[in-house]
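Listed in TrEMBL:
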TRANSMEM  12-33  transmembrane segment
TRANSMEM  53-81  transmembrane segment
TRANSMEM  112-139  transmembrane segment
TRANSMEM  151-174  transmembrane segment
TRANSMEM  186-208  transmembrane segment
TRANSMEM  244-265  transmembrane segment
Amino acid sequence: MMKLLKYEIRRGYEQYIILFIAMLVVAVLVRFGSFSQIMNEGAVISEDGSLSIPVIAAIVLLMIYGLLVFGSVIFVGLQILRNFNTSMFKSQGYLTLTLPVSTSKLLISKTLVASLWFGLTVLVIFVSSVVMIDIPLTWENVFGTHFDMGILLLGIFEFMVGVLQTVLCAYMIITFVHTKYIKGHRILAAIIAYIVVSIVQMGVTYIFQSDLIHQVSLFGMSVTTSSTVETMDLYNDILLKDTAMQLAIATAWGAIYFFVCKYLLQRKIELD
């Protein structure tokens, strides 16, 4: 299992690292370069009425940073899909599927590494954004004085499980379009399958969350009649229930996608 994980991590990690470093470097340049000069000099408009050079530089750097953030999410997502498709269903798939490891271990290793890269992308975006913000990030400033630490930790865990579930859903759809049921137009079939799966998932999720949605509506009516402390306690309680429910639902869907994908890999696939 560890060898599989190391192999998956080594596949194209240089591209991810370069992208992460680029985002952090641009964020540092914005924070301690152009913006710092603007704050020190206080000059936004030059003597001839045009924007000063530091302002122009800051705008350009912010545009570059925005493109890097948008591009990183698209790039990482496409790389995850491409790596799975290439390693499992192209010529390399014959070697991958004949490795002396179980289908479960193979699928778990690919899912964990893909989720790792996506999670690191989100983390780097968050860190680089924090670097550019000239505001003290205290607990009270970010979450308020009545926010529950347990909710934050549960939310982080729910996010991680959600990423795993999303990756498994993508893997299941890619695997499905390489089965004997799909003979052509695989991209179109994948898009249709994704839409159908998303609709079903949202519908089932709504059914399980209908009670929480009702509580949220009641919370909105109680805000005007309760004290601040009571309101925050009620808000934290609803948020905790919602996060726990989201975690349970994401875990259930992830398990379904995993076993469906495993079944298709073992019994139904057709390699290119």
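Just so you know, glycine gets a Cβ as well, placed from its N, Cα and C.
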Are there residues at least 6 beyond the ends of the transmembrane segment (151-174) whose Cβ is under 8 Å from a Cβ of it, and what are they?
80-81, 84-85, 88-89, 107, 110-112, 114-115, 118-119, 143, 190, 193-194, 197, 201, 236, 239-240, 243-244, 246-247, 250-251, 253-254, 257-258, 260-261, 264
What parts of the chain pack near the transmembrane segment (12-33), using Cβ distances under 8 Å and only residues at least 6 beyond its ends?
57-58, 61-62, 64-65, 68-69, 71-72, 75-76, 79, 83, 117, 120-121, 124-125, 127-129, 131-134
